[in-house]
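Annotated ATP binding site per Swiss-Prot: 24-29, D48, 56-59, K72, 95-96, 117-122, in sequence order, evidence recorded as similarity to another entry. Swiss-Prot lists C158, C161, C439, C442 with the feature Zn(2+) binding site, giving similarity to another entry as the kind of evidence. Marked as active site, glycyl thioester intermediate by Swiss-Prot: C173. The SUMO1 cross-link annotation in Swiss-Prot covers K236, and the record cites similarity to another entry as its basis. Here Swiss-Prot flags 556-579 as compositional bias 'Polar residues'. Among the features that Swiss-Prot reports, compositional bias 'Acidic residues' is placed at 582-594, 630-641.
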Amino acid sequence: MAMIGALPKELAEAVSTSRLLVVGAGGIGCELLKNLVLTGFINLDVIDLDTIDVSNLNRQFLFQKKHVGRSKAQVAKESVLQFCPEANITAYHDSIMNPDYNVEFFKQFTMVMNALDNNAARNHVNRMCLAAGIPLIESGTAGYLGQVTVVKKGVTECYECQPKPTQKTFPGCTIRNTPSEPIHCIVWAKYLFNQLFGEEDADQEVAPDIADPEAAWDPTQAAERANASNVDGDIKRVSTKQWAKSTGYDPIKLFNKLFRDDIKYLLTMDRLWRKRKPPVPLEWSSLHNKENCSETQNESSLQGLKDQKVLDVTSCAQLFSKSVETLREQLREKGNGAELVWDKDDPPAMDFVTAAANLRMHIFSMNMKSRFDVKSMAGNIIPAIATTNAVISGLIVLEGLKILSGNTEQCRTVFLNKQPNPRKKLLVPCSLDPPNPSCYVCAIKPEVTVKLNVHKVTVQMLQDKILKEKFAMVAPDVQIEDGKGTILISSEAGETDANNNRKISEFGIRNSSQLQADDFLQDYTLMINILHSDEMEKDVDFEVVGDVPEKGPQKPSEQSVKNITNGSDDGAQPSTSKAQDQDDVLIVDSDEESPSSSNADINMDSASLKRKLPEEETISSTKRKRLEPPVEEDDDIIALD
């Protein structure tokens, strides 16, 4: 405990008696736990739902190969106790969003330190700390970039005060009918995995979209196609999974359906190909006859890094067949009704997506990608740098010491940059902003306006897409402000299930209606004003109006913001939590560079816009939100899930 002896007496006592909650035991979490006990913090609780994977071992130093498959939180506790046996550590192998961890649970702690890897959990912890009145230290890293900030109720902005850029999405008809970029094919392949082996989702259909308006000369033709049934080639007669099951997941039949028959059907939509190069169907038998031709390449591909090699189309077909057989066996072992979950670190699942995506790229005349590239794009991977995690975890502890000293006004949002700014600083501290009076989370009376079509939005969509996904509620209850207190949604299981498939207009909800949404777990109430519109954009179900735009700021430093994660190699690392995991794991808005842009240029602009803080070279964040640094488009890092 060398550090605690260097602290002032009162602070040292506060350190030794305080109780902290660390949420996350991954890249930052491991470094943070080590720093905390070496500083003198001995009363710690750590929670993490994940288990240890081999890919974690290169930077999460509390774990060893023998720990693979075990709880991160439990092993982190055991490892820390080896060099600090006097520590009192409680480990939870669980999701922080579990209702057991309510406001009373959070009130046990002096402060909370986040080391998370998904936006939904960050939002939830933010709200729980606000409800409990407990200071929160938020953090994240992405490669060489990092960020730390402090959230304190009524004093600073909360995590949700500023809008976060939404994930990049693609129209369904582009994915299914007219892919033009490799990422379109990779998204399609991930959808295909779920349609065949996982949980089916109507929004992730992979068969040709026969109702694509672009494929018809007029809207009536699109409607006629959509209503077609029981005709030769009508791919909507049965679901993809039903058809695959009926064939016993025969790889060759699957191949010919997906890459020959469906492509031939697409070619019948001739209007799609008047200004595009038409796809070229593939047939298993023709590729199989060329199998010997690919042997030379396959042998040469063994040289160097295997995952960096781009396979030819025949090799991709063979990889597709092999992965289907392996995944089929995994399903059989799990039993009837079982489902698989796609994981970038599961070799058969990754092989399947790599093969299927590349075959589709070949069909649509795109350059095929290596397994490494596909994995990066499919998993939204940002290379992890262990030293970045170490620096950020150290900054978390320093901000925590300021809070314990009662010097919250000295707390800062600190950015770690890839290159020194014009002042030759890698660390750029900014003063904390006050709460946003328009924030729909921490405002005195949280209120928001949502534009939607009341005749199309169902109660289920309101609950899942708007309340849970957009506004990060866990178990919402919704009451219509109609003078009667009509209950639209109840968190009690089964109580309002009959409402789920009904349009909200059926309950008298119209333009200017108000809904009161409560989440008792989060101790959070949100008033929702309904703005009805008959003219919503295509593929847009709703839009948040006002200070929290659905698409985020006009020109945010999107790459740098969305890339900030918990230091894992995957900004969207799969979690077994039922919560919606977001691949664009965000923290508070940042003004540092994107990985591909010029850090010096951005910070030069910053210097001209911002004042110095007393006694230190810092940057005020009062104008931070107006800064619009140039951002280079990077289609290789895209949020998918």
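Along the chain as shown, residues are numbered 1 onward.
Backbone N, Cα and C atoms are what each Cβ position is placed from, and that goes for glycine too.
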Between C158 (Zn(2+) binding site) and A121 (ATP binding site), the C-alpha gap once rounded to whole angstrom: 14
Closest of C161, C173, C439, C442 to G27 (ATP binding site), Cα positions, recorded positions only: C161
Cβ atoms near C173 (active site, glycyl thioester intermediate) (within 10 Å, other residues, all chains): 18
Residues flanking the Zn(2+) site, with Cβ no more than 8 Å from the Cβ centroid of C158, C161, C439, C442 and excluding those residues themselves: L130, E157, Y159, E160, P435, N436, V441, A443
N58, S95, N118 as binding-site residues, winner by CB count within 10 A: N118
Length of the line joining the Cα atoms of N58 (ATP binding site) and C173 (active site, glycyl thioester intermediate), in Å: 40
G24 (ATP binding site) - helix vs strand vs coil (DSSP): coil
Residue pair G24 (ATP binding site), C161 (Zn(2+) binding site) - Cα distance, angstrom, rounded: 23
Other CB atoms, at most 10 A from the CB of A121 (ATP binding site): 25
C173 (active site, glycyl thioester intermediate) in three-state DSSP notation: helix
Nearest of the recorded positions (D48, S95, N118, A121, C173) to C439 (Zn(2+) binding site), judged by Cα-Cα distance: A121
